[in-house]
Amino acid sequence: MSFKVRSSKFRHVYGTALKREYCYDNIRVSKSSWDSTFCAVNPKFVACIVESAGGGAFIVLPLSKTGRLPADQPVVGGHKGPVLDISWCPHNDNVIASGSEDCVVKVWQIPDGGISRTLTESVVDLIYHQRRVGLVLWHPTARNILLSAGSDNQVVIWNVGVGEPLIHIDCHPDIVFSASWNFDGSQLLTTCKDKKLRLINPRSGEIEQEVICHEGSKASRGIFLKGGLIFTTGFSKLSERQYSLRSPEKLDDPIVMVELDTSNGVMFPLYDPDTSMIYLCGKGDSVIRYFEITAEHPFVHYINTFQTPDPQRGIGMMPKRGCDVSICEISKFYRLNNSGLCQAISMTVPRKSELFQEDLYPDTIGDIPAIDAEDWFNGQDAEPILISLKDYHQPTRLPTASEMKVAKKPNILDKPSANKTVKSSPNNTTSAAPPVAKPSFNQPQQSIPDDVVKEFKEEIRKLKAMIVKHENRIRALEARAAEDTTDTAKDGGDSLVLKNNDQNDVETKDNDTEHVDTNEDDD
């Protein structure tokens, strides 16, 4: 009997946990019971929600500064209640949004290198919700578009550039568990406590489709895949954990519905659109299961399971532009444990060649917005701008931010690569954002003070004098060595001068022994 093995580049993907010195330790992990990942990461920083007295806080750590954290580690602590969710802006690695039990969404600007003291001043406060905010999510292609959902059953889409809500969606009878944009941001997918999965037009707020997602009463989550399919996780009536794959044309008829186990932890699906791989990370689990989505039956192919000894409290997935292509790393996770350890886990494809593997790294989503907030609100859609990872090195592409006005305060959210201006609103209640200038490489550099120039000139003069002094000394030594060589040649071999200090006896033709002082001969 013949057995056909499925052909795949990712059949042998394996996970590796980095050593403890390359991880973060001594983190005061949040004790909140809210179903959130509690961790967010991008190519510059890792952020973790922590326990804080007198309000809510989270820490932001540069990827390069690993190890054990001090007890007085600076935090981002401007909320009056516990922080429930955080999300990095996909178009600016220095901007992060946070939602809290104080009903406020805050957007923060993190300086390069991290924060040196507790940060309490946010760039902008987004105030609309009447109850706690448990979900914040950035738009994948439009600049400054942020979604928030709260326990008041409301979903609000904000224009962070002007600090005001664009769209208010009021179609959920209960708490919204999760939300997901499709690949170009033209559709919105939500899961709710009423067990329903909803496909929504984000501009109008109209429900296009709604079906029962999972019949269990516990939290379910859903995400859009790149090709338009929908992947969900949830629970059955018997509290068995499930995952399903659905088509938007037939949401009520799942393509695949599989039961995993009987654990009670909510599963978070993390998706990589470049490799079509999904990683299932359950809250309280000590494993990470990963699958590959294909067009062949059974469509969701189990690959392997990464096992760790400690249960996980939260997890964050690195964007593809933050992965190390030199070791064929296709995904990277930062896993937060109850013990306070934030552990880095690398998913790698085994390859012998050290060259860039083009089949593993197709063009991926970059950090440049495709459209502006006003253009998206007016009905324009655009797919994400893709970049190649072959010649991409994140440390040399630090974003240069420009200023724009947000709620009468300076806001740094834009990047110079976006050349469009934000249009004013129809009712002229908000000020238009200033145009972003194109970067010019011929602009004059900033003048250097005269005292600095004089100091540099004095240092150069001293260096020149020192060089001349050493050259004169070298010439004198060379001339002296030449004279000694000439005197030795005139002796005609009558006496043999030994230059080594260890030899003191010289034998002559008449067998007379003459003691030669080598130090005097050298002089």
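Residue numbers in this text run from 1 along the chain shown.
For all residues, glycine too, the Cβ spot is worked out from N, Cα and C.
As given in TrEMBL:
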DOMAIN    2-67  domain 'DUF1899'
REPEAT    76-118  repeat 'WD'
REPEAT    126-168  repeat 'WD'
REGION    400-449  region 'Disordered'
COMPBIAS  418-432  compositional bias 'Polar residues'
REGION    479-523  region 'Disordered'
COMPBIAS  479-493  compositional bias 'Basic and acidic residues'
COMPBIAS  506-523  compositional bias 'Basic and acidic residues'
- [ ] Write out how many residues of the repeat 'WD' (76-118) are helix, how many strand and how many coil, based on DSSP.
- [x] 0 helix, 22 strand, 21 coil
- [ ] Pop the mean pLDDT for the domain 'DUF1899' (2-67) in here, whole number is fine.
- [x] 90
Open item on the list: DSSP-wise, what's the residue breakdown of the repeat 'WD' (126-168) into helix, strand and coil?
Closed with: 0 helix, 25 strand, 18 coil
- [ ] Count up the helix, strand and coil residues in the domain 'DUF1899' (2-67) according to DSSP, in that order.
- [x] 3 helix, 24 strand, 39 coil
